[in-house]
Amino acid sequence: MTRQFGLIGHPLGHSKSPVMHEAAYKDMGLDAVYCAYDISPQELGNAIRTMKAQGIDGFNVTIPHKVAIIDYLDEIDEDAEAMGAVNTVVCQDGRWVGKNTDADGYIESLLPVVSDQSLTGRRVLVIGAGGAARAVIHALGKQRATISVSNRTAEKAQELAQLFSHLTIEAIPLNEAESTLGTYDVLINTTSVGMYPDTSKQPIALDRLKQATIVSDLIYNPYETALLQEAKQRGNRILNGIGMFVNQGALSIEHWTGRKPNRKCMERVVRMHLT
Ligand code: ATR
């Protein structure tokens, strides 16, 4: 019987998840489909009931439902609890369990480019204080990094530092982040600044960047943001967001099927579909 997976979000626009998932299933020889459901916040309750009735095996959740979905689930796991958000729902013995693969997906992409594959005690600067920053900070906390968070709206960075006060974390103003940039091992942009179509923008000035700092951007469209291009020109190691996107999807598939999909094949398909 064909297994049914999917994605709920609004607006879904040109989501790359369906082509990425279906490429993975094909490569795995898995008889499954992945459908995108554009569901407005008002329709969420009805949509969930319909999906349950249809016997859907599992689904991904994206903006704006990552928090609201929690009310409709039987249980959420530790990662989802810590982030206050769910991106993957798994049907286990008739119970709907919410998980979040964003943090582990990000770490899986970052660790291979970090020396010793360890972030313990490393100084990491996170730019942004939205949902993506939460996932990254939770991930960095699991790796015992020393975190600074900085955001255009400074109060939101402070709120995030409060929320994660069990970690080694401080909120700092953006001008301080720029002037102390040379002290960080990793710089991570979690904001949408530089995303297609506004590709010339950068979230932070890199004048004080030292060459050993890894510069990471969660954006993958464009494939290399202005921030990454400048860092590359300066001779820094860079990491774009495609790895995180592919890994969070691959980890969802692992939760649903117990099998490991081919991440290279998934990445190839996503790249092919970038504007
Ligand atoms: P996501 O879930 O993708 O993180 P979000 O919760 O809307 O999205 O958060 C967007 C982040 O990008 C925020 O940190 C936001 O900064 P503010 O808190 O000041 O709004 C940041 N951001 C978006 N547009 C920005 C811009 N033009 N300049 C600086 N920061 C921006």
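Cβ coordinates come from backbone N, Cα and C, glycine included.
Note that the coordinates shown come from a computational prediction; the quantities given were computed from them, not determined experimentally.
The annotation shikimate binding site is assigned in Swiss-Prot to SER15, LYS16, SER17, THR62, ASN87, ASP102, TYR220. The Cβ neighbour count for THR62 (shikimate binding site), using a 10 Å radius over every protein chain in view, is 16.
Here Swiss-Prot flags LYS66 as active site, proton acceptor, drawing on sequence analysis. Counted within 10 Å of its Cβ, the other Cβ atoms near LYS66 (active site, proton acceptor) come to 23, all protein chains included.
For GLU78, GLY128, ALA129, GLY130, GLY131, ALA132, ASN151, ARG152, THR153, ALA154, GLU155, LYS156, LEU218, GLY241, the entry in Swiss-Prot reads NADP(+) binding site. Long-range Cβ contacts of GLU155 (NADP(+) binding site) within its own chain (separation 6+, distance under 8 Å) are none. According to DSSP, GLU155 (NADP(+) binding site) sits within a helical segment.
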Mind running the binding-site residues SER15, GLU78, ASN151, THR153, TYR220 against ligand 1 and keeping the ones whose CB falls under 6 Å of it? ASN151, THR153
Here the 10 Å Cβ neighbour count for ASN87 (shikimate binding site) comes out at 29
The most crowded of the binding-site residues SER15, THR153, judged by neighbouring Cβ atoms within 10 Å of its own Cβ, is SER15
Quick one, of the binding-site residues ASP102, GLY131, which Cβ has the fewest other Cβ within 10 Å? GLY131
Secondary structure at SER17 (shikimate binding site), reduced by DSSP to three states: helix
